[in-house]
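Novice: Structure in C-alpha cells, see below.
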Amino acid sequence: MFWIAKTLIAFLILLKTDCYKIAIPANLIDEVNPVLEFVDFRVQVIPYETKPLWRIKQESFKIVGISIENGLFSVCNCLILGASAIILPEQYDGHLAAAAIVQSIADNTNVPCVSLHLSPPTRPSTHLHPHLNAKSLAVAAFIKREKWKDVVVVFEEPDELLEITDMITAGHFDPDSFSSQLVRLKHGDDYGNELKHIKNKLDRYRIVINIPLQKALHFLEQAANMSMCGVLYHYVVMDMDLVTVDIDSIRGIEDCNITSFGVHDVNSEYIEDIRQEIVHKSSIRLPKKGVPYTTSIWIDTLRLLIRSMKSIQIWDEPRCGSSWKSGSDIKKRFFENPLAGISGDLHWAPSGERSNYTLHVYRRTLSFQKFAEWSSRTRRIASSEAVVIANSSEKLTLEGKHLKISVYLEAPFVMITSNGSYEGYCIDLLHKIANILKFTYTIQKVRDNAYGSKESNGKWSGMVGELQRGDADLAVASLTISYGRSEVIDFTVPYMHLGISILFKKPRIRDSDWFKFMDPLSTQVWIMTFASYFVVSVAIWIIAKISPYEQFERDEDNGQYKPVDNQFSLRNSFWFTVCSLMQQGSELCPRAASTRLLTGIWWFFALILISSYTANLAAVLTTRRMETPIENADDLAAQTKIKYGTLGRGSTMSFFNESKIETYERMWQLMSSSPGLFVQSSKEGIARVKSSDYAYLMESSMLEYAVERDCELMQIGGLIDQKGYGIGLPKGSPYRELISTAILRLQEKTELTELKEKWWKDKSVVCEQPKRKDQDDGESIGGIFIILVVGLVLTAVLVIFELITTRKPSPAQSQVIRHVNVIPSFKLGFFRWNVN
C-alpha cells in the first residue's frame with residue numbers, strides 16, 4: 001500500500017535496435033494493451049526506405065515504478081535502458097512531486113515528455129488535450145448563442161466548480177440580464193432532492209451538467225422520471241464522451257433535449273474508417289459511434305511520438321546528467337509534424353499547448369447530430385454550410401414517440417363519457433393527427449382546470465403552465481392563440497377561427513295584439529302625424545279666411561267679382577285634410593293659389609306617409625318579430641339594465657382588459673367594478689343568461705354549440721374580434737411544423753369541417769323559427785273593428801246630441817224629420833218586392 005501511495009507510474013518508450021519498449025502501469029495493462037495493438041498496426045503501414053520497419057511488440061512492455069524517495073535513481077535507470085520518451089499517465093493526483101521529478105529530469109536530459117493528464121504539473125509539459133478551459137469557453141459561447149437568460153449549473157467536485165467559474169467568467173455575461181444558480185450534488189447516485197429543488201424552487205429549465213459521464217447519465221435518467229425532459233428542458237453536458245453513448249437504451253432519456261461537445265465528428269467517414277480499423281485489428285471495445293475521448297488522446301499521442309522518432313536518425317542514447325541531442329530533434333519533429341488525429345487536427349502553440357482546434361457541438365432531439373462547431377481561434381460557435389446540409393438530411397419525425405396530452409373539459413371540444421374515456425372535437429382531431437404522424441399519446445386533464453393566464457408571481461397557470469414546466473408535450477383544447485401566451489409557448493396553425501360574441505336569451509314572441517296595425521309607425525311618428533293634421537287643417541281655414549279668392553268669384557259674363565260663401569269653414573277644413581290623408585275624395589275644392597299650394601304639399605305628405613305605412617304594415621302582419629333590447633355591443637355598453645360578464649380567466653377577459661376601444665373600455669370598467677359579473681365556467685354563464693337579465697360574452701364556437709342545443713338562447717350581433725384556436729406546444733418545440741402540416745392536411749380534405757358538423761349539429765333539437773303567414777287570423781288587425789264599433793257608437797251619440805241641442809229645426813232638418821214618417825212605407829214596399 002505504501003508503494004502505491006508514494007509511487008508515480010510513468011510510461012517509457014524504450015529505444016532498442018529492433019523495437020520500441022514501453023513501460024505501462026500495472027493497473028492499466030488491460031486498458032492500454034488494445035491501444036498499443038492498434039498503434040502497432042498503424043505503425044506497420046508507414047513506409048520507410050532507409051531502414052526496416054520498427055514495431056511495437058506487446059511482449060516487450062515493461063512496468064516502471066518511480067518512487068518519490070528514489071525518483072532520480074529510478075528515472076536514470078530507465079534512461080540507461082534506452083528510454084527515448086516518457087509519457088506521464090492520465091491520472092497522477094496525489095503524486096505531483098513524483099511527476100515534477102520526472103518532468104525535471106526529462107527537461108535536463110532533453111528526453112521528450114508528453115502528459116496524458118488534462119492539466120499539466122507545476123512545470124508545463126506537452127499534452128494533446130485541448131486547453132483546460134476549452135469546454136468552459138464553448139459552453140459560454142453556446143449560452144450566448146441561444147440567448148439564455150438563466151441557467152442552473154450542476155457539479156460535484158471542486159475542480160468541476162473551477163471549470164464552471166471559468167465558464168461564467170469567459171462569457172462576460174451581463175449581470176442585469178443573466179443569472180446562474182449553482183447546485184452541488186451529494187455523493188452517491190440519488191439526485192432526487194436536487195432535481196426537486198431545481199424543478200419546484202428554482203423554476204429554471206436550462207441546466208449545465210459538469211459531472212462524470214456515468215453520473216450525468218444517472219442524473220438525466222432521474223430527471224426523466226420526474227417529468228423534467230421534453231422540449232421545454234434543455235441540458236448541456238460538458239463530458240466529451242456523451243455523444244458516443246447509446247442514449248436511447250437508457251429508459252426515459254430518449255425524450256431529453258441535450259447538447260454536448262466532442263473532439264471529433266462522430267458521423268464523419270474518417271472517424272468511421274478509423275473505428276473499423278480499431279475493431280478489426282485490436283481488441284479495443286468501442287461504443288456504437290465515435291471513439292472515446294481518452295482513447296483518442298492515447299492513440300494520437302503514441303502515433304505522433306512514433307512518427308516523430310521514426311522521421312530522424314538516432315545515433316546516441318540518453319544519459320542522466322547530459323543533454324540528449326537526438327531528443328531535441330524528436331521534439332522539433334513532434335511540433336513540426338502535424339497529424340490529422342482522431343482528436344482533431346494537431347497544431348501547436350509556442351508554449352507547447354494545442355492550438356487552432358475545434359470542438360464539435362451536438363444537439364439531440366431524436367439522435368445526436370452535429371449542428372455547429374466551436375473554434376479555439378475565434379472562440380465562437382458557428383454553423384458551417386456542411387453542417388447545415390448534413391442536418392437538413394435528417395428527417396424530423398414523431399413516429400414511435402409517446403406524448404403527454406393536456407386537455408381542458410369544455411363541450412364539445414373535450415368531454416368525459418360515462419365509462420371515463422374522453423370524446424369530443426379535439427379528441428377526434430388529436431386521433432387524426434396521431435394517425436398521420438404515427439405517434440401514441442396519453443391524455444391527462446389539466447390539474448388546475450384552467451386554460452392558462454399569467455399570475456402575479458410571473459408564472460402561468462393552466463395548460464400553459466404545464467407546457468412551461470414540461471408536464472405536458474401538447475395542449476389540445478379550445479386554447480385561444482394570444483400574444484401573451486405565444487411569448488411563453490408555441491402554437492400550431494389555427495384549426496378553428498372564431499371571435500367573441502354575445503349570448504342572450506330569446507325574447508318571448510309577443511302575444512296577440514289587436515292594435516298591431518299601429519306597429520309600422522312609432523309612437524313619435526303617430527304623434528307627429530296627428531299634430532301635422534291639426535296644424536294643416538287650421539292653416540287651411542286661416543288662409544281661406546284671408547285669401548280674397550276664397551271670398552269672391554269672377555262673373556264670366558261681365559268680368560265682375562261677386563261675393564260667394566267661404567267653403568273652408570273650420571269644420572270643413574278638418575274634413576278636407578282627413579279625406580286627403582285617407583286618400584278619399586271630398587266635394588271641397590280650393591280656389592286660391594295659396595290654399596292649393598298648401599293642399600298639394602299636404603297631399604304629398606299623405607302619399608309618402610301612407611305608402612310607408614302600407615309597406616311596413618304588410619311586413620308586420622306577415623311576420624312575428626322577436627324584439628330584443630340590445631342589438632350589439634354598443635347597445636350593451638350604453639344601458640345598465642342588462643348585466644354582462646365573461647369567464648373569470650382566459651383570453652376573452654384579457655381582450656376587454658387590454659382593449660383600447662372606448663366601448664370595450666367602458667364595458668371592462670363595469671365588469672371589473674363588479675367581480676360578481678364574472679363566471680367560473682361557461683356552463684355557469686349559460687345558466688345565468690337563462691335565469692336573469694344577463695348577457696354572457698363568450699367565444700363564438702362555444703356560443704354556436706349552446707344555441708344549437710338550447711332554443712331559449714340566441715346570438716346578439718356579430719363578432720367583436722377575430723382569433724383562432726391552436727394546439728399548444730412548449731417553446732422551441734421541433735414538432736410544431738409537423739403538427740401544423742397535419743392540421744393543414746386535414747383542413748384541405750375538409751375533415752375539420754366534417755368534425756364541426758359532427759359535434760355542433762344536434763339533429764334531435766329543432767327550434768321553432770318565426771314563420772310568414774299566408775292568411776291573417778284577425779289577431780293583428782282586430783283593433784280596427786274595435787275602432788269601427790267605437791266610431792259607430794260615437795256617431796249615434798253625436799247625432800242625438802245634435803238633435804237635442806238644436807231648439808228650432810231648420811227647413812232642412814224639418815224635411816228630414818218628415819221623411820222619418822215614410823220609413824214604415826219603405827219597409828212595407830221592400831217586403832212586397834222581396835216576395836214578388
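Keep in mind that glycine also has a Cβ here, set from the backbone N, Cα and C atoms.
According to Swiss-Prot, the feature L-glutamate binding site maps to SER478, LEU479, THR480, ARG485, SER651, THR652, GLU699. Here Swiss-Prot flags CYS76-CYS320 as disulfide bond, drawing on similarity to another entry. Under the heading N-linked glycosylation site, Swiss-Prot lists ASN225, ASN257, ASN356, ASN391, ASN419, ASN657. As annotated by Swiss-Prot, topological domain 'Extracellular' applies to 20-523, 622-780, with the evidence given as a curator's inference. Look at Swiss-Prot and you will find 545-600, 802-836 tagged as topological domain 'Cytoplasmic'.
Can you walk me through where each of these features ends up in the structure?
Specialist: A sphere of 10 angstroms centred on the C-beta of ARG485 (L-glutamate binding site) encloses 26 other C-beta atoms.
For CYS76 (disulfide bond), the count of additional Cβ atoms within 10 Å of its Cβ stands at 17 [all protein chains shown].
Within 10 Å of the Cβ of ASN225 (N-linked glycosylation site) there are 13 other Cβ atoms, across all protein chains. Secondary structure from DSSP puts ASN225 (N-linked glycosylation site) in a helix.
If you draw a 10 Å sphere around the CB of ASN257 (N-linked glycosylation site), it holds 21 other CB atoms from the protein chains shown.
Secondary structure from DSSP puts ASN356 (N-linked glycosylation site) in coil.
Reduced to three states, the DSSP call for ASN419 (N-linked glycosylation site) is coil. Contacts of ASN419 (N-linked glycosylation site) defined by a Cβ separation under 8 A and a same-chain sequence distance of 6+ are given as none.
The Cβ of ASN657 (N-linked glycosylation site) lies under 8 Å from the Cβ of TRP668, SER672, each of which sits 6+ residues away along the same chain. In three-state terms derived from DSSP, ASN657 (N-linked glycosylation site) belongs to a helical segment.
Per-residue confidence over the topological domain 'Cytoplasmic' (545-600) averages out at a pLDDT of 73.
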Novice: Please work out the number of neighbouring Cβ atoms within 10 Å of the Cβ of CYS320 (disulfide bond), leaving out its own Cβ.
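Specialist: That number is 16.
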Novice: How big is the Cα-to-Cα gap, in Å, between LEU479 (L-glutamate binding site) and ASN257 (N-linked glycosylation site)?
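Specialist: Computed Cα spacing between LEU479 (L-glutamate binding site) and ASN257 (N-linked glycosylation site) is 26 Å.
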Novice: Identify all same-chain residues not among SER478, LEU479, THR480, ARG485, SER651, THR652, GLU699 whose C-beta atom falls within 8 angstroms of the centroid of the L-glutamate site's C-beta atoms; report them in sequence order.
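Specialist: Not counting the recorded site residues, we get TYR451, ILE481, SER482, GLY650, LYS723, TYR725.
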Novice: Using a Cβ-Cβ cut-off under 8 angstroms and a sequence gap of six or more, which residues of the chain neighbour THR652 (L-glutamate binding site)?
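Specialist: Expected: THR480, ILE500, THR646, LEU697, MET698, GLU699.
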Novice: Among residues SER478, LEU479, THR480, ARG485, SER651, THR652, GLU699 annotated as binding L-glutamate, what is the maximum Cα-Cα distance? Answer in Å.
Specialist: 17
Novice: Output, ordered by sequence, the same-chain residues six or more apart from SER478 (L-glutamate binding site) with a CB under 8 Å from its CB, or 'none'.
Specialist: TYR408, GLU410, PHE413, CYS426, TYR451, GLU699, SER701, MET702, TYR725
Novice: Taking the Cβ of ASN356 (N-linked glycosylation site) as the reference point, list residues of the same chain whose Cβ is under 8 angstroms away and which are at least six residues distant in sequence.
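Specialist: Expected: ASP345, HIS347, SER376, ARG377.
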Novice: Between CYS320 (disulfide bond) and ASN257 (N-linked glycosylation site), how far is it from one CA atom to the other, in Å?
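Specialist: Spelling it out, the Cα of CYS320 (disulfide bond) and the Cα of ASN257 (N-linked glycosylation site) are 56 Å apart.
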Novice: Between SER651 (L-glutamate binding site) and CYS76 (disulfide bond), find the distance joining the two CA atoms and give it rounded to the nearest Å.
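Specialist: Checking the Cα atoms of SER651 (L-glutamate binding site) and CYS76 (disulfide bond) gives a distance of 82 Å.
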